[in-house]
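Please read the structure below before turning to the comments.
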Amino acid sequence: MGIKGLTGLLSENAPKCMKDHEMKTLFGRKVAIDASMSIYQFLIAVRQQDGQMLMNESGDVTSHLMGFFYRTIRMVDHGIKPCYIFDGKPPELKGSVLAKRFARREEAKEGEEEAKETGTAEDVDKLARRQVRVTREHNEECKKLLSLMGIPVVTAPGEAEAQCAELARAGKVYAAGSEDMDTLTFNSPILLRHLTFSEAKKMPISEIHLDVALRDLEMSMDQFIELCILLGCDYLEPCKGIGPKTALKLMREHGTLGKVVEHIRGKMAEKAEEIKAAADEEAEAEAEAEKYDSDPESEEGGETMINSDGEEVPAPSKLKSPKKKAPAKKKKVASSGMQIPEFWPWEEAKQLFMKPDVVNGDDLVLEWKQPDTEGLVEFLCRDKGFNEDRVRAGAAKLSKMLAAKQQGRLDGFFTVKPKEPAAKDTGKGKGKATKGEKRKAEEKGSAKKKSKN
């Protein structure tokens with residue numbers, strides 16, 4: 001999920017931090033890519049025409065391998081040096097989110113069975129994609145493939161995005177590559193999105209600079225992390241009634257998430273009192289109305305009357321007309337508004353962003369090697385049923401690009417200096433000389449010197 005609504009918030013409030021460009025502009029760059037996100041993306045996107053995942057004759061899924069092989073070659077072909085970071089053990093705080101994802105997959109599975117009988121092919125395909133789950137086998141197969149391709153692979157002790165951010169901060173790579181916006185929350189200086197998208201989508205690479213975002217939002221990194229938590233992250237239950245605009249407004253008004261939480265909990269208490277008072281008033285009104293809702297009473301009269309036969313008979317009882325029930329007036333109560341879950345350990349979530357479980361970037365060595373062509377043919381063609389000619393052609397392209405000495409980037413040789421502001425002229429009136437007057441004075445001075453000589 002990443003951070004809910006962060007992309008829109010930045011595009012609206014800090015647009016200068018985001019820029020789109022073609023992949024070829026990243027030539028010569030090293031990028032740490034969130035492999036776990038990429039596997040999930042490939043399993044969903046790389047499919048047959050009927051919407052089913054790619055499989056070999058044995059029924060083994062190969063969508064993830066197809067995606068990694070060809071899209072990595074595409075990046076290398078544009079002069080990019082990718083390395084892939086895989087997830088380790090998720091933090092305990094993420095357990096509830098993972099449990100909900102599992103529940104959603106089960107719901108989608110049940111829905112798919114029903115859609116097969118009553119729904120359209122589009123409904124079935126949509127529900128099938130919601131059931132995608134990355135397994136340990138998927139991870140191991142991708143690691144094996146990338147190693148055979150000569151691409152560096154790192155297994156993070158914790159979150160892959162956090163390790164990508166660490167490598168970017170350490171200067172081992174230019175940027176972190178992921179679709180999850182929480183990569184910025186993990187303090188990655190630069191985030192690249194859409195790197196592993198299909199070329200057919202024609203999606204430009206989105207480059208986001210954290211320092212520019214912080215500058216334009218007028219926030220410290222500490223405040224930015226707290227803003228992201230308030231927006232909604234993978235570690236906590238989302239807060240109801242708080243969208244991106246409200247979250248930013250609250251952080252700007254109160255300064256810290258602690259004060260925001262205190263403010264919202266105060267509002268929640270006021271709302272609870274208001275609802276209770278309205279309920280008490282309604283109950284009182286209903287009790288009052290019950291007095292008018294009793295059975296009609298009869299009046300026994302002692303009078304008599306003469307009937308048509310001239311006989312004296314008792315007069316009928318006089319009935320009281322029933323009184324109408326007084327309608328109970330209901331007090332209007334405003335909607336519940338902003339709500340924070342009762343158990344919402346945001347301080348723990350903040351620590352996971354500030355001090356994630358990662359390997360120090362300086363301790364990691366990233367090495368790009370020549371691909372093992374025969375190993376690729378054995379694994380992809382013999383085991384997984386890939387076309388051998390295509391695999392050999394891809395390996396040859398990979399070998400050529402990794403062996404070639406990459407052209408240096410111009411921005412590596414030159415430093416662009418900011419333009420110095422023009423000196424302010426404080427001269428006034430006659431004392432202020434123009435450029436033309438200065439030049440004439442200099443010419444006169446030089447003429448006098450020549451005449452003396």
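Each residue, glycine too, has its Cβ placed from N, Cα and C.
Because the structure is a prediction, the values reported are computed rather than measured.
Among D34, D60, D77, D211, only D34 appears in Swiss-Prot as part of the Mg(2+) 1 site alongside D87, E159, E161. The annotation in Swiss-Prot ties D180, D182 to Mg(2+) 2, and of the candidates under consideration, D216, D222, D234, the one tied to the same site is D234. Calculated from their C-alpha atoms, the gap between E161 (Mg(2+) 1 binding site) and D182 (Mg(2+) 2 binding site) amounts to 8 Å. Put simply, D34 is the one of the binding-site residues D34, D87, E159, D180, D182 whose Cα lies nearest to the Cα of R71 (DNA binding site). The 10 Å shell around the Cβ of D180 (Mg(2+) 2 binding site) contains 23 further Cβ atoms across the protein chains shown. In the three-state DSSP scheme, E161 (Mg(2+) 1 binding site) falls into the helix class. Put simply, D182 (Mg(2+) 2 binding site) is 12 Å from D34 (Mg(2+) 1 binding site) when counted between their Cα atoms. Rounded to a whole number, the distance between the Cα atoms of G232 (DNA binding site) and E159 (Mg(2+) 1 binding site) is 17 Å.
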